[in-house]
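Q: Input: one structure, supplied below.
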Amino acid sequence: MSTDVTQLAMALIARPSVTPLDEGCQTLMGKHLSAAGFTLEPMVFEDTTNLWARRGTQAPVFCFAGHTDVVPIGDLARWHTPPFEPTIIDGYLHGRGAADMKGSLAAMLVATERFVAKHPHHNGSIAYLITSDEEGPFINGTTRVIDTLEARNEKITWALVGEPSSTYKLGDVVKNGRRGSLTGNLTVNGVQGHVAYPHLADNPIHKAAPALTELAQMHWDNGNEFFPPTSFQIANINGGTGASNVIPGNLEVMFNFRYSTEVTADELIARVLGILDAHGLDYDISWVFNGLPFLTGDGPLLEATKSAIREVTGYDTDPQTTGGTSDGRFIAPTGAQVIELGPVNATIHKVNECVKIADLEQLALCYEKLLEKLLC
């Protein structure tokens, strides 16, 4: 028989909230939170729906953070079940968003309801920061809510982001930090011409190749005990007209850094520009700052998370900083401690996304124990 957390997860999955749509997910969550004594503050910025909810007025503030939007379904023909008709098969809940991250949202709500029922006069405050713009351009979501909170000096002490952090079994990995992300959009300018008359043209591909090779082979830093060395990856290269007899007039290159706390974005930019200039390129470049690196070291949140997972699962978790970015990067700069704990991520963003029902039940227990350890 389905548990409360499973039923709630199914109700959320049934809402086709492909980013930046919310499709009523936050309204459903708000009903549960309002009944538990939370004050709701919807924040709508352009096409994005956000919810800030809080129970209590005192510090410390424990905040559950997450998103109601999901990625597109991909090829519908490859799904074994309709992606927005949640289905239970052999102990797994199938549907888009099951693992990323509507299962986590359901576990948060159930944990909160249970905790408040047992501890109606808990210490501090419990908050929720929920957005429908995590899988999209992340312009009008968590970052805008944080800006609003900062403007009125409303601080989060601890943030638990429900991203699917686990690798093989629930809680085997938590994320206690993330690398920074910096994207460069480079255009190398040349002169278009006929391939038979190269002296009348200037091939930007030939000119850029040595510089790109140097960038790809560059050792940026050694990393540290918490972060692997900084990674430079070329993501897209576009040049040419499609014809075999035309030298292109320009070359477009998109690349990305995932960088550690051993280097800053400004330092990376300076080194890239130095290499491009050293090769004598005529270029234009723009930068997109996707997020700063952050790290939550030993402290109340990490210790409580480790303890909660050990008590629920019987094994120790492994704090890591690997993987992509999350909305934790917008919360951490305020001074909050940030941890990501959620389901196994093996099927996220794939067709036939699913989550183990038993894991959702255990996740709710982990979240509840976290509240007990920090607010009791």
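Indices start at 1 and increase along the chain as displayed.
Keep in mind that glycine also has a Cβ here, set from the backbone N, Cα and C atoms.
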Q: According to Swiss-Prot, His67, Asp100 bind Zn(2+) 1; which one of Glu150, Glu154, Glu163, Glu214 is annotated to that same site?
A: Glu163
Q: From the candidates Glu135, Glu311, Glu368, Glu372, give the one listed by Swiss-Prot for the same Zn(2+) 2 site as Asp100, His349.
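A: Among Glu135, Glu311, Glu368, Glu372, only Glu135 appears alongside Asp100, His349 as Zn(2+) 2-binding in Swiss-Prot.
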Q: Where does Glu135 (Zn(2+) 2 binding site) sit in the DSSP three-state scheme?
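A: SS state of Glu135 (Zn(2+) 2 binding site) = coil.
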Q: Roughly how many Å lie between the Cα atoms of Asp69 (active site) and His349 (Zn(2+) 2 binding site), rounded to a whole value?
A: 12
Q: Of the recorded positions Glu134, Glu135, His349, which one has its Cα closest to the Cα of Asp100 (Zn(2+) 1 binding site)?
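A: When the Cα distances are compared, His349 comes out closest.
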Q: Identify, among the binding-site residues His67, His349, the residue whose Cβ has the fewest other Cβ atoms within 10 Å in this structure.
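A: Ranked by other Cβ atoms within 10 Å, the binding-site residues His67, His349 bottom out at His349.
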Q: Under 8 Å Cβ to Cβ from Glu134 (active site, proton acceptor), same chain, six or more residues apart: give me those in sequence order, or none if nothing qualifies.
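A: For Glu134 (active site, proton acceptor), the qualifying residues are Thr19, Gly66, His67, Asp69, Gly141, Thr142, Ser326, Asp327.
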